[in-house]
Amino acid sequence: MLERSTSGRWALPWRHAHLALTVLVVLLWSQLGERLAGLLFVPAWVLVTQLIAAGSLEAARLRRRAWLDQYLRDDSPWHRWLRGGALMVARHQLLGACLALLLLVKLRLLAWVDWPMLLVAVVGLVGLRNGLRRRLARHVIRGHLPAVTRRLVVPPAAGLLSLMLVAVALWLPQPYLVGLGWEEALLRHLQGRDAASLLGFFERLGSAAEIIQYWAMQNAVESQQLGAPLALLGWSLLLLTQSAFAWAYVRLLVGADALRREGGRSAPVASRLRGEEETR
């Protein structure tokens, strides 16, 4: 009895160890010095790209399979041609690379106050996923339940994280840029940033986007022209960057979960489904 309760106590943390490991890896990389982080930038970029692409590919194949099953006959050879091949993989690899780049650069620029939110987001994602899975279990085929749950959990999780990131970005102190031209603001606050390495170049671009965002919002407020294009530029940059970062972060976690499930419990389910199809 004691052994069973002990194993049950350790089962829950171990079940989500892949999410903790994913967050730990990107956290440690983001805190490395410029030189070491630059050396590990390309491997980190490749790793994060594969994790993000794994989740988005799973969702894309789920949509494609639902479309094919709805419109094509079971014996149609078009299933093999349209189920998604190299072109689909290449598209999602490209999308994953863009999101991974944004995620890694933004992690290097984050304030320490943002990291507790990212850790809380992992717990929130697990809770949201488990609650959603319980509700879907009565309606979704068991073999497709994990994939459907992962697909549906991304928008609400990313939306909530985006709102928290925007709130913190508005609460944190900002460099005072009122009365400066945007060129002067960039020159003043980007001095000393090394752009010789690939990572340094992207970090400089990310910092420039943040400075332009602060400059546009502060000068719009100072001139009391909140509806002017300047204010629209600042708010658009703020919402776009924070939302894209939140989307990439949630996609990273969902991709890590998809890879673990695919290599674990999903494999027997898939083989059983294939066996049932062959016996038919």
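Easy rule for this one: first residue shown is 1, then count along the chain.
Even glycines carry a Cβ here, placed using N, Cα and C.
Look at TrEMBL and you will find 12-30 (among others) tagged as transmembrane segment.
Packing against the transmembrane segment (36-60) from elsewhere in the chain are residues 22, 25-26, 29-30, 84, 88-89, 92-93, 95-97, 99-101, 103-104, 108, 147, 150-151, 154, 197-200, 248, 251-252, 254-259, 262: each is 6 or more residues past its ends and has a CB under 8 Å from a CB in it. Look at TrEMBL and you will find 36-60 (among others) tagged as transmembrane segment.
For the transmembrane segment (81-103), same-chain residues at least 6 beyond its ends with a Cβ under 8 Å from one of its own Cβ atoms are 26, 45, 48-53, 56-57, 60-61, 64-65, 68, 72, 202, 241, 244-245, 247-249, 251-252. If you look up TrEMBL, you'll see 81-103 (among others) marked as transmembrane segment.
When Cβ-Cβ distances below 8 Å are used as the criterion, the transmembrane segment (109-132) is approached by residues 16, 19-20, 23, 27, 30, 149-150, 152-153, 156-157, 160-161, 164-165, 168, 172, 203, 206-207, 210, 249-250, 253-254, 257 of the same chain, each at least six residues removed from its ends. The transmembrane segment annotation in TrEMBL covers 109-132 (among others).
Marked as transmembrane segment by TrEMBL: 152-172 (among others).
If one looks beyond the transmembrane segment (232-254) by at least 6 residues along the same chain, the residues whose Cβ comes under 8 Å of a Cβ in the stretch are 19, 22-23, 26, 48, 51-52, 55-56, 96, 99-100, 102-103, 106, 118, 121-122, 125, 150, 153-154, 157-159, 161-162, 165-166, 169-170, 209-210, 212-218, 220. If you look up TrEMBL, you'll see 232-254 (among others) marked as transmembrane segment.
Remote same-chain partners of the transmembrane segment (152-172), defined as residues 6 or more beyond its termini with a Cβ less than 8 Å from a stretch Cβ, comprise 55, 59, 111, 113-114, 117-118, 121, 124-125, 128-129, 132, 136, 238-239, 242-243, 245-247, 249-251, 254.
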